[in-house]
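A quick write-up on the structure given underneath.
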Amino acid sequence: MSEDQKSENSVPSKVNMVNRTDILTTIKSLSWLDLMLPFTIILSIIIAVIISVYVPSSRHTFDAEGHPNLMGVSIPLTVGMIVMMIPPICKVSWESIHKYFYRSYIRKQLALSLFLNWVIGPLLMTALAWMALFDYKEYRQGIIMIGVARCIAMVLIWNQIAGGDNDLCVVLVITNSLLQMVLYAPLQIFYCYVISHDHLNTSNRVLFEEVAKSVGVFLGIPLGIGIIIRLGSLTIAGKSNYEKYILRFISPWAMIGFHYTLFVIFISRGYQFIHEIGSAILCFVPLVLYFFIAWFLTFALMRYLSISRSDTQRECSCDQELLLKRVWGRKSCEASFSITMTQCFTMASNNFELSLAIAISLYGNNSKQAIAATFGPLLEVPILLILAIVARILKPYYIWNNRN
């Protein structure tokens, strides 16, 4: 057997060994709290539903009617909704945003990401929601609202695990955070009512004002608090102490606030949820399809956009091709793995905290829209963990441009 054949035959075994190691590394990259998140969400829902069914007096404890409220949401629930959004915002490097825009590749990737996140993403989720929930208007609206809410912070975790470009990811997260203040209201009305031809109980102008106010309160308040906490803490304590002590204290409150919010919702709605569990579970279909389609569509697009259009350069001639015989993508070897991963996970992720907060504010904590919005994080964490593992598995099978 020739040396080339020996080298070629050794590639699969090496790749398989790398894959097994990468899978374990990917899983270990998450904290045990992150890994337990799907189970703790399910446990919170089960306990709340049991309380709702067997303690009927609990169902109206958190209703806005007859209690102090903000934007139609009871104060106890409002506190939970705001608390769960502050920690992700505190993790974003707001103080460094001006440095990144000087890099030409970031400006180019930002334009592509805006198109994927604000045009393709909501369209894809709307199409999938209609496909699976054609006869379930309220659940469909809740799923569409998840699609309109683009991810602002959780993607930082997935990007780091998959080996994405951290600088690019920070720019995309900050840009999406600011754009959501402006775009969420018109897009929610457009996809939930205008193109869906769903009946409006009020005028377009009044509905727009309600959605815009809800976004201003339930994104604006935590956004402002999060930025003040980060910038103030960095000034007083320094970056090292902030990340070592302050951020470590703040981070768990995102999931504490989220689980508390889930608990309240299912106490209010749990008894009805049991009777409609079949139609509610249908919400899983568009969400699961969205995560996988969005991720692999972006992966394929990033490879396609890197294909050389020159007649004289049809295939890769870099050193990697000489070393790896059995690889794919020789014509698209200009693709960067780190940039591709950042685009894939930014496209596949959603801001489930915002969609849940707005659903509660607009339709009430006992609405089907709010129930549908709770399924986002239940599915997003395990599926994106799977996709992070898939990214590690796919990497050795493709040639990548590592110059960045």
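Indices start at 1 and increase along the chain as displayed.
Every residue gets a Cβ built from N, Cα and C, even glycine.
Placement of L33 and D165 with respect to the membrane, taken from Swiss-Prot, is on a common side.
Looking at N19, N365, Swiss-Prot tags one of them with N-linked glycosylation site, and that residue is N365. Counting residue by residue with DSSP, the topological domain 'Extracellular' (135-141) contains 5 helix, 0 strand, 2 coil. Sequence-distant contacts of the topological domain 'Cytoplasmic' (91-113) (same chain, six or more residues past either end, CB-CB distance under 8 Å): 152-153, 156, 167-168, 170-175, 177, 226-227, 230-231, 234, 247, 251, 305, 339, 342-343, 346-347, 404. Note on the topological domain 'Extracellular' (267-280): mean pLDDT across this stretch is 78. Across the range of the topological domain 'Extracellular' (56-69), the DSSP-based residue counts are 5 helix, 1 strand, 8 coil.
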